[in-house]
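Record features (TrEMBL):
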DOMAIN    6-122  domain 'Response regulatory'
MOD_RES   Asp58  4-aspartylphosphate
DOMAIN    166-306  domain 'GGDEF'
Amino acid sequence: MRSELTIYLLEDNSDDVYLFKQLLENDKAINYSTLETDSLAGLNKLISAIVPDILVIDLNISESVGLETLIEVRKFSLDIPIIVLTGNDDEIGIQAIQLGAQDYLIKSEINASTLKRAIQFARERLILYSALGQLATRDKLTMLHNRAAFDEKLEAIESDFLRYEINYSILLLDINNFKPINDTYGHLVGDKILQHLAHRLQMFNRANDFVGRFGGDEFILIVPKVDNDEKLQSLILNKKKVLNGQYAVQSISGQILNIPISVAIGGAIRGVNAFSPKELISIADLNMYKDKEINAQLENNNKFTD
Ligand SMILES: Nc1nc2c(ncn2[C@@H]2O[C@H](COP(=O)(O)OP(=O)(O)OP(=O)(O)O)[C@@H](O)[C@H]2O)c(=O)[nH]1
């Protein structure tokens, strides 16, 4: 027997509604039942009657444009997974996830398989996040592994190193100038930045890497098999590429803020430049602070050249 899945679609373009429904027709495993509406009030009314399994919303409808649409929808649909449809822009999609959507799809790239996969992924993601919140080894704010989980993982990977000589590295990351963000926008905005950064770390992470929150605005990664400095430096550069940039956050008054974030990262390799787990952490920490100094210096120079 096919399972049932109810989708509410917020879309004011009738051609797109038609296409959307076509893509979900005649699935062997799931019977998708889609109800469409072209307004926020209409969507609110549908949800008040029956809560759907998933919401798919076009960010640009006649009464509301861009991320504002998502923010309005989130006001009356907190526990429902949301997929947003965007024009041609990954950046808006990523910002939508930061503002609480579970996934996004670029309209021109939608086909039956990407759509069905996004629906499944968005549902699983919401369930997983609720479940993770219950675990003692998770940091409650970011859902990353916490310090206790880090200690356990380090012990395990160290014992592999001693037995099989498999090198591993750790990276320590710290947000540059995080305190002024808390001071300027408030702690809640600071919390959201920490959550978004954690999310980016998770998204661009290899399956075997360990990602944890070390405390405050510090994060830690354990990366197996990175065994020379060249690999380590290239890893650090890649992490900076995905972590540095604008973070979209909703302020307490509901305004969307775009806050520039950069991180300092320090790494160390067990067996190459660190000869115990303790030394590994302290060298990574030292390198992180060196990186912070370089960042501060660069910022200073930029101020003078601006
Ligand atoms: N919002 C929020 N803030 C936190 C949390 N944990 C720690 N902080 C704040 O994070 C800030 C960390 O600041 P520091 O690491 O001292 O300094 P910084 O401003 O990042 O400056 P540099 O590290 O030198 O770049 C402090 O203001 C803490 O209050 C948290 O869970 N939520």
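The backbone N, Cα and C atoms fix where each Cβ goes, glycine too.
In the three-state DSSP scheme, Asp58 (4-aspartylphosphate) is classed as strand. Residue counts for the domain 'GGDEF' (166-306) under DSSP (helix as H, G, I; strand as E, B; rest coil) come to 68 helix, 42 strand, 31 coil.
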